[in-house]
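Here is the structure we will look at, set down as structure tokens.
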């Protein structure tokens, strides 16, 4: 059985998460600008750390391929590996990969070795197998995995690392055309003869000549077999980008040669004419070759996988490759080369989607050059050593990456998986075997990582328990918080009470000491950093910073996996200024040639640091121009901040520098811009889980991105953006005894390091993920400095689990990123002032004299009124004092309380009445505002809103006992009592409507309201408090006992009348009617008598005899208004709501005739008899002082209610 149309069905690539920037390498290596980025054409270079090798990369890339396309491992019949990065001279990487295939041990193939050609040889072998009689119907896998490393020097920049896996199948996406050509020759251009080193021996010129000769021979040989050398795209083996460009031009030269096309370019003038050739073939270069260079420029040379990384790049950069022909040129030193063509037969959209190349590139971590240099040094030292143990951090690797756990004494390597993938459950690939794919590879992986998965579950559970421990921490008293700190973290809390610093120590620390000054110290909660839970001490006087950072950390742990961090080693840089330089090149050469002497001299000044693994590590020289230079020394300061140590070394080596260079030495000082001591912190959130303040996650993410872009575009905004970061960073620095000034200087310097001040953090959205990142140079220490002077610092480090300097820096930067995220979210969604002023209200409350136990309530009071000032705080205090005095007078025990407020503009009165009420409630605390249109407001107050009240007061203002009388302007007592009476009237009626039995029991018996709706409990409690306030104001401010008694009696009459009206309605449903009694109760709903009695307060000459006239006048107005109101409002309603006209119609069995004008006239005639008798009685008794009110009342009724007749 032979397969047809065999080729590459699917492809996957893996590259390390770490890389170094080539432009930064140019500066670090002190070479001319552009040597690596222009001369070689490289952008970045991937490299591995000690816990990754070619086996881990191969294991990862194969696993990813099988999982993404849901390939059953049992379907693999051949697996061949190409690599030149040997870990063992006998055991092949292929055998290591067999652990992925479980019981499937019948898999042909081993490892092919010949420099960078091994991957192509593995591909040809696998295709040959599939096209042979030996093929058993299963699929093939080809794996290319390599790590390219070079000795220190200019060649090192052509390194790289990565692995490619290809699924080989019949009827494939990319089929190999049958004609191909190969060129092989015995060369020593690149080889690795030294078994004690992984570095190659390279003849650069010969290597380039050999490469180009291979192209010449392959193209010309291919043309003799097939004269069609045209291609839609070109892929080349890529040792560096400019070699690809050179190769493309060489192909074009050969094409013109074999096709006998005259271009003016020849093999003889090729080297001189390359720039002209590039212009001549520019269109083809840009459109056909350059698109394959994406990964080679980002990763560097990945040896056997380099050619196939070019194919991956084409898939990524092109919309689709279907029906395209691709020239593939493979080269391996020594030398071996092949040229072949791929034909794309299927859409590559699915492959592009599964690769997610851009997202993975963006997730990488850029490593500082000095850190990279140190890693390479350690790699060289540890090469081929046994008894090694490795434990990467969570941020070090992509999820699902295999890593090297250990090398035992017999050189056996143990591999584990960093974290499990979230598997895709669907497949877009048609597999030869039609049986349902099973995820056996995951079962195998689970066996390898069972310890890891248990650890992950345990971590998640620990996080949940840890967060629960601190839930409600802000609600506790300071003493309760300290008690919790002492019990849960075994911390000595005594230094927290006074700041820990004695006056004696303060006097020793600074000159002319006169005392101490303190900062508030709080805990930032909910931080999950690299899988570990933290409560982070923060010292800052600005409100909202700690709360905002805690809230952001909670979001980041719940909508993502917390913060992932990476920090470079604690290397600080010091500078020695050189002056009067005549020849910088000579000075530079002298420094470089005496580098080790300078290092040895410097380390004599810090021998204790050297013993701890630190000390002076490197020396470089920079030309500053104008006859000046800087000798930069790089010192590993271990767990110290490092300033004193670096300055000591500088002073110690300066005379030697002057002697060596023959120049004049100027100042000697460390730099706070510690670019070699950086921390990167990142989080990744599921946008669908970012909901905030009634906005969806997508809306929040969009607004935050717009706000971030503002800072990207504008320096003024960028400064304030960075201040949000520094809020968090400086707060932790203050708490942990760090030099916050040095940190701030470094941050601002780094923000403008490229010549323009920019935001320190960055945000982006990738595949419905919101990613935030902060990379900053930061120097902190956990040893030395001021730490021994204050016992509080040691307790704070204890809370942080005694971190080393790197871990402390990572914690600090995580808090900075959380603070920035919180500020950006607040700005974008609700405005910074809302959250900030809410917390600033605490300062206002304290300054206003609010007692400590009431500060939180006062803050809530101001927040719900959106009024943050001393006046509002004092209004709360006044309301509370009334509540307290009333409760005390009635012998009540104080319980939890809520608040109610309203600001009422009374039309035509030129008055504004503000009500601020504290009322008792056993339910959850709420804050009611009359102006709100919330569901609970509508249940409590009905639909009687601000406009209704304004209109009512407008009408009432036309009916005054004495228009000339002056009101008590100082406290608006008349209007305030009227407003209270109306609200009490409204609440009592609404609560009886909502739940008659419970409300009646509460009103008559003053018994707690058990059961019922929540709004009923709040409403009754508020009504009760308003009654107490009404009574309190009468007792305090009205000097006439008779008037006080009349006002309270009328208020009671109103409430009792409501109860009676509902009882009469219940009796009416049973056929028992009393129309006159119902009218008497119903009329109190309009409380005209109460309004007139309130007006009596303003009379200059009050006489008790006027009260009876007021009551009679009020009754007349109430009846007239009730008759007009209830007929006007009638709309064939039932007995569900009290209405005089409805009641009369039902009593007379005429409900369906309510619209009849004769029936309506009959209703008025019957009640007018009562009304006329009362008016006659009123005219006999009323004094001239009140006689005008009757006519005014009639006008008011006509104004407020339109009569039905």
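Here, residue 1 is simply the first one shown, and the rest follow in order.
For all residues, glycine too, the Cβ spot is worked out from N, Cα and C.
Noted in TrEMBL for the protein shown:
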- 84: active site, proton donor/acceptor (ACT_SITE)
- 116: active site, acyl-thioester intermediate (ACT_SITE)
- 237: active site, proton donor/acceptor (ACT_SITE)
- 207, 242, 246: CoA binding site (BINDING)
- 4-172: domain 'Hydroxymethylglutaryl-coenzyme A synthase N-terminal' (DOMAIN)
- 178-417: domain 'Hydroxymethylglutaryl-coenzyme A synthase C-terminal' (DOMAIN)
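Shown on the structure are the features that TrEMBL records.
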residue : record                                   : Cβ within 10 Å
84      : active site, proton donor/acceptor       : 27
116     : active site, acyl-thioester intermediate : 31
207     : CoA binding site                         : 19
237     : active site, proton donor/acceptor       : 31
242     : CoA binding site                         : 15
246     : CoA binding site                         : 21
Length of the line joining the Cα atoms of residue 84 (active site, proton donor/acceptor) and residue 207 (CoA binding site), in Å: 17
Average model confidence [pLDDT] within the domain 'Hydroxymethylglutaryl-coenzyme A synthase N-terminal' (4-172): 93
Residue pair the residue listed as 'active site, acyl-thioester intermediate', residue 207 (CoA binding site) - Cα distance, angstrom, rounded: 12
Check: same-chain CB within 8 A of CoA site center, minus 207, 242, 246: 208, 211, 239, 240, 243, 244, 247
